[in-house]
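Below is one structure; the comments refer to it alone.
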Amino acid sequence: MALLDIRNLDLNIYGVPVLRGVSLSIAAGETLGLVGESGSGKSMTALATMQLLPRGASARGSIRLDGEELIGRDERAMCALRGRDISMVFQEPMTALNPLKTVGAQVSEVFRLHLGAPRAECDAWASQVLERVGLPPARYAPDRYPHELSGGQRQRVVIAMAVALKPKLLIADEPTTALDVTTQAQILTLMRALVAEDGASLLLITHDLAVVAETADRVAVMRRGEVVEEGETAAFFGGMTHPYSRALLEASTHVPQRRPRVAPGTVPGTAPAAREGGPILVADGVVREYRGRRAGWFRPAGCHRAVDAVTLSVAPGESVGLVGESGCGKSTLARTLLALEAPQGGRILFRGRDVSSLDAAGIARLRRDVQVVFQDPYGSFDPRHKAGRLVAEPLHLLRGEIDAAERDRRIARVLSDVGLRPEDAEKYPHEFSGGQRQRLAIARALITRPALIVLDEPVSALDVSIRAQVLDLLAELQARHALAYLFISHDLAVVRAITDRVLVMRAGIIVEQGPTAAVLDAPQHDYTRTLVAASPDLARALAERRTRAMPAANGRSADAAVPSA
Amino acid sequence: MLAYVGRRLLSLAVTLAIASAIVFTVMEILPGDPAEVMLGTNARPDTLAALRAQYGLDRPAPERYLAWAGGLLQGDMGLSYTYSVPVTQLVAERMWVSLPLALIALTLTTLIAIPVGALAAAKRNSATDVGVMTATQVGIAVPNFWFAMLLVLVFAITLRWLPAGGFPGWKAGAWPALKALVLPAVALALPQASILARVMRSSLLDTLGEDYVRTARAKGLTRAQTVRRHALRNALIPVLTIMGLQFSFLLAGTIIIENVFFLPGLGRLVFQAITQRDLIVVKSVVMLLVASVVVVNFLVEVGYAAVDPRLRRRV
């Protein structure tokens, strides 16, 4: 008998259907990967199982845990069940813990609540659980507060609370989406180990097919509130029947068609595509430091070196990737390159001239030639302005070079360039979807006809299929306008797809650089190797699965790169 | 934590020094010569000069500032121009009316606002919530002196439960004295409680939407347990800020309320001192009010650090 059995689950929120006839089951000790785009109903299925639905929600159908119906169960009984038989790990570790309580107390609370044991005993158990999730009390005192821990450590604390009482079912809703690749790999390994030790079932919700291929026994795909396909993992990847599953797979392994460029990694200045000869932007030994907190009233403040003697250059038409974990100094370097912040050491050269020596006109020239696109464009759009006005914003840099008619022509042109319609200029930002807003941000960057666009995690917040579309758009725009990109990302798959050359950054230092394929296929530096190994990779995960189990997964294989074992 | 308190104390001292300089300067710029006020407009110039010399009014301003500030530090506020008694003595008598009044009002504010606001948030969109929101809207809109008169009409004149005004003094016993302070304290507290209850409600609502509240529910805590153990303390942080600000409103409010209820408090003292050009009394009482506001805000900041571990390390 299945441990969790969801049958014909319908869910409405204020009358709006969110889930339609969802049926899923998880056997004891089994891991089910639940994939789908945002808004497909994955999280609502999890919250329905926890009976922690938002206001206005009404569920019909059946959710049975160990044969017992959960829908309509009395709230008292559900409270006794949550945290003991079913527990949940959420996406955002930074905000999932109460900032005013020590992590030890928050873990201990689970024991106190469900077992009613004395505080000292519960605290001792809490220490044991923290040790189990890789936070040994000797090194990570349980009387620390959440803000004293990193994102990965906080997620370990959340996991500690979830597994404290060895629940039968653990639900993990995008548990690693907010984390760096190396941390993600550690957390996934930890969860797999814990679930295996306790013989628990795991419902793993994710949008990342590679993570599912690594972890899940079975996969279910959701779309618009319905389960469209379900199957054993190897068989699922071997013979997807539903077109949506195939589209999802195609999108997540998508490599945009890029017109071959002049030999990637060409020495700057010799690129034939160069419009004005030399590189557009050069960083020469750039150093960025932040003053730290003063240790005492009379002791000087220490310094934190966010960017340490970084040298790089971007030639016209070239696509350069910059990868590294959060906090490694990528974005600080980007701000310095955009001349938004002055470096403490080294120089930034824009078309051969030192940026610090530029006058106002020179800076304006730099701003129109070097544009930027950020991860979350919504925050950078004034919600009261129409798209046309937002997109036209950078035109003030042209200082009256163009008249109103030309301005309107340009707005229409960039909108159609990014796959929107010229009529969309009359819409407000909230009328666009997330992917369309990112297109809008790209249009805004294009309107001054720049030579270089700095893209800071431009697709990280997007669903896989939208991400594939935006990557296609970027590749096409690059070919059409001979654009250069500086592409900042923590996602190696994306960097591989869109860049010619890559720089790997760690703690402010460039540790390795070279042609993208060469660096990612045969990393030389230890850190690059760690990054590559930690990055979820569908082909590799499936190959490992095959060598592990030698299943009967014949037929069309999802990976062409790795020969069958 | 100790270093944090030390830094806060230092900034408290600097604030007081700056405030005293400003209070002194403003009093210097104000027109009106205390000696002329005391002796009348047809006093002889040599008598005026003698009086100025007696009170030290003929010496240069920086010297008088230092003498005044130095005196304040030692608890000496100088002699009142009108009453010719030490200001300290005048203030001390009236402090025992105003300080209890403000503290009772602050306590009432807190005791009313926090449970009412929390209840409204916990029962969001219910009849209770709507009732609380309507009542607090009225409470904010109605001026406290009008409310004071209403209270007198009902509780003093009609029901005869409490005195309509005046203060028997603490020597008459704690109970009669407290009885005299009840109506003024309620009149002071209700508008502030209305504001604070709304702050508490929206703060708790924000907190209830936080991820860690969901985490707590996933652990198996009931809704009520989640509010008590996780949401309430987090929700109190913004409430504490507003409380600190409200204390100065309460002090300022005493000036009006003490006049409505004929209470011999600091508010009445400063009001009379201004009309009589008794600048030394005005200066000292204003400084005292400034000091109490600054001290309360210091306590609020220490309270922050006690509540929120994230603040203990910061500057």
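Even glycines carry a Cβ here, placed using N, Cα and C.
TrEMBL lists B:95-300 with the feature domain 'ABC transmembrane type-1'.
Per TrEMBL, the feature transmembrane segment maps to B:9-30 (among others). Away from its own ends, the transmembrane segment (B:9-30) comes close to residues 61, 65, 68-69, 72, 279, 282-283, 286-287, 290-291, 294-295, 298 of its chain (Cβ-Cβ under 8 Å, at least six residues beyond either end).
If one looks beyond the transmembrane segment (B:99-122) by at least 6 residues along the same chain, the residues whose Cβ comes under 8 Å of a Cβ in the stretch are 128-129, 132-133, 136, 181-182, 184-186, 188-190, 192-205, 208, 223-224, 227, 232, 235-236, 239, 243, 246-247, 250-251, 253-254, 257-258, 263, 265. Look at TrEMBL and you will find B:99-122 (among others) tagged as transmembrane segment.
Annotated transmembrane segment per TrEMBL: B:143-162 (among others), in sequence order. Packing against the transmembrane segment (B:143-162) from elsewhere in the chain are residues 179-180, 182-184, 186-188, 190-191, 253, 256-257, 260-261: each is 6 or more residues past its ends and has a CB under 8 Å from a CB in it.
Remote same-chain residues near the transmembrane segment (B:174-197) are listed as 97, 100-102, 104-106, 108-110, 112-114, 116-117, 120, 132, 135-140, 142-145, 147-148, 151-152, 155-156, 162-168, 239, 242-243, 246, 249-250, 253-254, 257-258, 260-261, 263 (criterion: CB distance under 8 Å, separation of at least six residues from the stretch ends). Annotated transmembrane segment per TrEMBL: B:174-197 (among others), in sequence order.
The transmembrane segment annotation in TrEMBL covers B:235-257 (among others).
Annotation source TrEMBL lists transmembrane segment at B:285-307 (among others).
Beyond its flanks by at least six residues, the transmembrane segment (B:235-257) meets 98, 101-102, 105-106, 109-110, 113-114, 117-118, 121, 144-145, 148, 184, 187-189, 192, 195-196, 199-200, 203-204, 206-207, 263, 265-268, 270-271, 289, 292-293, 296-297, 299-300, 303-304, 307-308 of its own chain at Cβ-Cβ distances under 8 Å.
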